[in-house]
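**Q** As listed in TrEMBL for this protein:
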DOMAIN    45-369  domain 'FAD/NAD(P)-binding'
DISULFID  82-87  disulfide bond
BINDING   91, 155, 184, 185, 186, 354, 360, 361, 362, 363  FAD binding site
BINDING   221, 222, 223, 224, 225, 226, 227, 228, 244, 313  NAD(+) binding site
ACT_SITE  486  active site, proton acceptor
């Protein structure tokens, strides 16, 4: 076994003094170090259960830190919900549908005219599928590059250091690891009495693969996913109605920005039924009939649809993992409880991403994965959930980071507010896309930025200047005194910062 520490060159140079069996053992070691799949007898430094954004990033980072790593993924393609049936395909359809909407409603204003514009839905879906396929293959390439072992199958704990895997090819194996990271993500939250069949009543997965544009689409839930998918099909011709139990859409959003956002969506012909609950579903006919009533109780009404999208949130995916077998603790919401090192109560078992508390976002899971592996490797990792940006990828987009004004009022923080509308931004006016605002919240005494909220085209890109500012404790004056290229949308961030600590120039 001492041969395991020798390089190939040393093995060859000493071959004259070695026996035939010594050479055989050394050659087996050398060849095994280049295998891309682990065997049941191998012991890994790190085993990652789940190949989504948190899982595959954790696996790659672990390998980069010199840890022998295996990633187990039941789907057969890497990237998890996000890449396969979430973030990526939805953004592909959001972009394609926006292009169609612009061609139909805005191009003529720019001197570009068509005799006819039509939707080729199969081609649109094909473009989406191609993007997903290319990206999933790309992650497999990264696994090979970083020498991450990849096992395709469903894994469950048999002990804190062993995972039994039923592989997709019908076999079974056991993967051993000194440290095992649970990164199995989340699943669609079901509603009582509402059965998802992915035909008439669909989850976000089904909404990404409809074979035709529904005449009437009802979205249950006014969160990120529901509003994005409602936007896709609304642009393509559906009459969209959003039913929400709460009094507001996207409850985590700053209330002032939320009101502007809702008005914008209503101008795009999206209808809202707030403070409303679904109490009955009838799918016996060609379409779907929903029985609704006020959230506080009252007179019932019927709402008809061709397709109903259930988008009431997501829940941690931990079913069948054998957590009870090894004693991993969860909270009332089914989330795995972890400490600041992402360690569970079971030594050697860790958890990241959607299965633990915190925002259920792909980029948050990635940060969890890196930090968790750094702790395992004996380094220091850190994720500040107050610095995780959130984005609704409608048009305009809404992006935010840090505290909302509502939160600051509740906590009693004395603050200042600076706002700047995109109607006064030269780039936005030049491209005729000027709906939105930048809102900055800063501590009144220190001027330290506490929160930033942006509604605009590409707000999801603009927000990262604010994320960096919060990360480094910047003041609004710091942003205001930073030169921004002209003409750009980001100048609105500079002007809002000027409005926070002093006065803006262009309004």
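Cβ atoms are placed via backbone N, Cα and C, with glycine included.
Automatic, uncurated: that is what TrEMBL annotation is.
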**Q** Starting from each candidate's C-beta and looking 10 angstroms out, tell me which of the binding-site residues 184, 186 has the most other C-beta atoms.
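**A** Per the Cβ count within 10 Å, the most buried is 184.
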**Q** Other than 221, 222, 223, 224, 225, 226, 227, 228, 244, 313, which residues of the same chain sit close to NAD(+)? List them in sequence order, counting a residue when its Cβ is within 8 Å of the Cβ centroid of the site.
**A** 219, 242, 249, 250, 311, 312
**Q** Mean pLDDT across the domain 'FAD/NAD(P)-binding' (45-369), rounded to an integer, is what?
**A** 97
**Q** Based on the record's binding annotation for FAD (91, 155, 184, 185, 186, 354, 360, 361, 362, 363), what whole-number value in Å is the widest Cα to Cα distance?
**A** 30
**Q** Starting from each candidate's C-beta and looking 10 angstroms out, tell me which of the recorded positions 91, 486 has the most other C-beta atoms.
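**A** When each Cβ's neighbours within 10 Å are tallied, 91 leads.
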**Q** Find the shortest Cα-Cα separation between residue 225 (NAD(+) binding site) and the recorded positions 87, 186, 362, 486, and name the residue that gives it.
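**A** Nearest in space to residue 225 (NAD(+) binding site), counting only the recorded positions, is 87.
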**Q** Using residue 223 (NAD(+) binding site) as the reference point, find which of the recorded positions 91, 360, 486 has the shortest Cα-to-Cα distance to it.
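**A** Ranked by Cα distance from residue 223 (NAD(+) binding site), first place goes to 360.
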**Q** Can you grab the distance from residue 486 (active site, proton acceptor) over to residue 91 (FAD binding site)? Cα atoms, rounded to a whole Å.
**A** 28
**Q** In terms of Cα spacing, which of the binding-site residues 186, 221, 362 are within 10 angstroms of residue 87 (disulfide bond)?
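**A** So the list is 362.
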**Q** Note down the number of other Cβ atoms within 10 Å of the Cβ of residue 244 (NAD(+) binding site), including every protein chain shown.
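**A** Cβ-Cβ neighbours of residue 244 (NAD(+) binding site) within 10 Å number 24.
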**Q** Non-local Cβ contacts of residue 360 (FAD binding site) (under 8 Å, 6 or more apart, same chain)?
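**A** Same-chain residues close to residue 360 (FAD binding site) (Cβ under 8 Å, separated by 6 or more) are 186, 314, 354.
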**Q** What recorded positions in the list 82, 221, 227, 244 lie within 10 angstroms of residue 362 (FAD binding site), counting C-alpha atoms?
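**A** Among 82, 221, 227, 244, the ones whose Cα sits within 10 Å of that of residue 362 (FAD binding site) are 82.
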**Q** Highest Cβ count within 10 Å among the recorded positions 87, 227: which residue is it?
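**A** Checking each of 87, 227, the winner is 227.
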**Q** Find the one among the binding-site residues 221, 227, 244 whose C-alpha lies closest to that of residue 91 (FAD binding site).
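**A** Smallest Cα separation from residue 91 (FAD binding site) among 221, 227, 244: 227.
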**Q** What is the interatomic distance between the Cα atoms of residue 184 (FAD binding site) and residue 221 (NAD(+) binding site), given in whole Å?
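**A** Counting only the Cα atoms, the answer is 24 Å.
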**Q** Grab the NAD(+) binding residues from the record (221, 222, 223, 224, 225, 226, 227, 228, 244, 313) and give me their largest CA-CA distance in Å.
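**A** The NAD(+)-binding residues span at most 15 Å between Cα atoms.
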